[in-house]
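Visitor: Features from TrEMBL:
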type	residues	note
TRANSMEM	6-33	transmembrane segment
TRANSMEM	40-59	transmembrane segment
TRANSMEM	65-83	transmembrane segment
TRANSMEM	123-142	transmembrane segment
TRANSMEM	148-170	transmembrane segment
TRANSMEM	182-199	transmembrane segment
TRANSMEM	211-231	transmembrane segment
Amino acid sequence: MNLYVLVASFLASSVEFIEALSIVLAAGVVYGFRFALRGAIYAVITLGLLVAVLGEGILRIVPLHILQGIVGVLLLLFGLKWIRKAILRYAGLKSLHDEDEAYQKQISRLKSSNKGSFEAQATAYNGVLLEGLEVVVIILTIGSGAHAFGSAIAGAAVGLIVVLSLGVAFRAPLARVPENTLKFVVGVMLTSFGTYWAGQSMGIRWPLSDATLLLLIAGYIIVSAMSVRILKKGGVGAS
């Protein structure tokens, strides 16, 4: 079991599961949770098939060093995007994402529709599928790149269980979860993994092996903190 991969997959997947949960809850509140959960289950089945097919194909066909290079670049792009948005939010140059506001918008849209159960199932299915596709990418990239596919799946599974448990317990959007902080942490981890694997694909021998990830994480946190301070002082725009 690769602990780094498990934690990274858990955090990244949890962000997507939280957003998917808000959509499912909105559909459930308006038309009943039976229809919303049915749509969500269909989406999970679809995603499971995608992971099974794509995961096996990637692991059998693509050489590891090439995969690490591709994954490294993807994670760098994905992680840096999240870090950038988090930095802008910390600096006060971009509004914080409000899950509760998104939840209310979903309810308003569903109430204006007369399609009943089909609308609820379609909304839940599409929401879970779209957010879940990002989880599939997370599982395939993190798991395949580190040759720890099982750890990535386990991390995502734990994230799903945690978010579902919270959703069942509170029956409301997880608006109290510090999403920007979570996205920043995930962005730093993904960027660090991306740097590490991209370097490995180019033949770089990291001096501390896997422990280099800790130094990369610390480095990105320091640079991000400095960026927030500079932006706050300079008032640079978010464009």
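Cβ atoms here come from the backbone N, Cα and C positions, even for glycine.
How buried are these features, and what lies next to them?
Guide: Sequence-distant neighbours of the transmembrane segment (123-142) (same chain, 6+ residues past either end, Cβ-Cβ under 8 Å): 5, 8-9, 12-13, 16-17, 19-20, 23-24, 26-28, 35-40, 42-44, 46-47, 50-51, 54-55, 58, 71, 74-75, 78, 106, 110, 148-149, 152-153, 155-156, 190, 193.
Beyond the ends of the transmembrane segment (182-199), by six or more residues, the same chain brings 4, 7-8, 11-12, 14-15, 68-69, 71-83, 85-87, 90, 142, 145-146, 206, 212-213, 216-217, 220-221, 224 to within a C-beta distance below 8 angstroms of the stretch.
Taking Cβ pairs closer than 8 Å, the transmembrane segment (211-231) reaches residues 4, 83, 86-88, 90-91, 93, 184, 188-189, 191-193, 195-196 in its own chain, all 6 or more past its ends.
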